[in-house]
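Feature annotations, reproduced from Swiss-Prot:
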BINDING   Glu154, Glu193, His196, Glu295  Fe cation 1 binding site
BINDING   Glu193, Glu244, Glu295, His298  Fe cation 2 binding site
TRANSIT   1-44  transit peptide
TRANSMEM  150-170  transmembrane segment
TRANSMEM  212-232  transmembrane segment
Amino acid sequence: MMMSRRYGAKLMETAVTHSHLLNPRVPLVTENIRVPAMGVVRVFSKMTFEKKKTTEEKGSSGGKADQGNKGEQLIVSYWGVKPMKITKEDGTEWKWSCFRPWETYKSDLTIDLKKHHVPSTLPDKLAYWTVKSLRWPTDLFFQRRYGCRAMMLETVAAVPGMVGGMLVHCKSLRRFEQSGGWIKALLEEAENERMHLMTFMEVAKPNWYERALVIAVQGIFFNAYFLGYLISPKFAHRMVGYLEEEAIHSYTEFLKELDNGNIENVPAPAIAIDYWRLEADATLRDVVMVVRADEAHHRDVNHYASDIHYQGRELKEAPAPIGYH
């Protein structure tokens with residue numbers, strides 16, 4: 001490097017001297033000439049590169065800002081997956097990504113709400129009194145706050161279908177056999193209960209300690225039900241059947257409070273109107289009616305599943321009631 005600097009300086013000095021000899025009027029100022037060294041050239045190159053990089057970053061950031069609304073499109077197009085453009089029957093845009101129009105339905109409100117399975121065997125009685133024992137602390141904690149009560153109920157009611165569907169799914173894989181449609185039926189139940197929760201979240205805004213209670217209850221109930229289903233599926237399904245009977249009772253009390261004016265009959269959330277295909281002017285009472293009907297259908301499905309096991313058969317031997325609403 002030192003040789004390069006000296007050689008460059010020597011060339012500059014020789015060039016200036018020759019120009020002075022050819023044209024004497026050109027002043028000889030070799031003593032004031034500063035020769036650019038290699039280090040200076042490097043610094044200049046680095047500054048140029050950084051300036052170019054900064055310019056490119058500004059351009060790219062501007063492009064990102066301009067494409068803020070196209071971020072999702074860029075992501076999905078990168079993977080080759082394009083979102084479907086879905087519209088309602090009237091041509092308006094479908095705004096829900098958590099469910100699609102073909103997953104919506106009109107609930108059957110004519111279902112018998114008073115059906116009850118009388119416990120006769122020891123597992124049935126154990127399941128029945130387990131559910132009854134859980135009702136007492138719930139009544140004590142929520143009392144007549146039925147919106148929050150419904151929210152807590154749905155966080156628990158959405159667990160059995162997922163656990164049962166998961167275990168039946170694993171059994172189907174393990175034994176290389178079909179499930180008779182029960183995987184889908186149980187997962188449908190779990191998804192339906194979750195939609196109940198999403199609906200009541202719009203009605204009852206839970207505070208911090210209710211959210212903490214949900215975390216604790218869900219953690220305990222999930223593991224307890226998982227073990228219970230592994231030990232005795234007929235007991236697990238029977239318990240859910242009784243749990244749904246309690247849910248019917250709870251929503252019936254909810255309706256009484258609405259009819260008596262103790263709870264304001266507010267307009268139905270938009271998500272409920274689209275999910276259950278309710279009228280545009282539907283109210284909270286209409287929502288509670290369809291949710292109660294859903295719980296009655298879940299009651300029937302789980303008591304039916306328990307009866308299959310009581311008869312010494314497996315779920316795959318009886319076609320699952322898929323789409324039973």
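The backbone N, Cα and C atoms fix where each Cβ goes, and this holds for glycine too.
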Original post:
What's the CA-CA gap between Glu154 (Fe cation 1 binding site) and His298 (Fe cation 2 binding site) in angstrom, rounded?
Top reply: 12
**OP:** May I ask which residues of the same chain, at least 6 positions away in sequence, place their Cβ under 8 angstroms from the Cβ of His196 (Fe cation 1 binding site)?
**Re:** Ala150, Glu154, Ala157, Ala158, Val291, Asp294
**OP:** Return the residues near Glu295 (Fe cation 1 binding site), defined as same-chain residues 6+ apart in sequence whose C-beta is under 8 angstroms from its C-beta, sorted by sequence, else 'none'.
**Re:** Ala157, Glu244, Ala247, Ile248, Tyr251
Original post:
Other than its close neighbours in sequence, what residues sit by the transmembrane segment (212-232), given a CB gap under 8 Å and a spacing of at least six beyond its ends?
Top reply: 123, 141, 151-152, 155-156, 159-160, 163-164, 167, 206, 239
**OP:** For the recorded Fe cation 1 site, enumerate neighbouring residues of the same chain (Cβ within 8 Å of the Cβ centroid of Glu154, Glu193, His196, Glu295, site residues themselves excluded), in sequence order.
**Re:** Ala150, Leu153, Ala157, Ala158, Asn192, Arg194, Met195, Leu197, Ala247, Val291, Asp294, His298
Original post:
Taking the Cβ of His298 (Fe cation 2 binding site) as reference, which residues of that chain separated by at least 6 in sequence fall under 8 Å from it?
Top reply: Ala157, Gly161, Glu189, Asn192, Glu193, Val240, Glu244
Original post:
Neighbourhood of the Fe cation 2 site (Glu193, Glu244, Glu295, His298): other residues with Cβ within 8 Å of the Cβ centroid, in order?
Top reply: Ala157, Glu189, Asn192, Val240, Leu243, Ala247, Asp294, Ala296, His297, Arg299
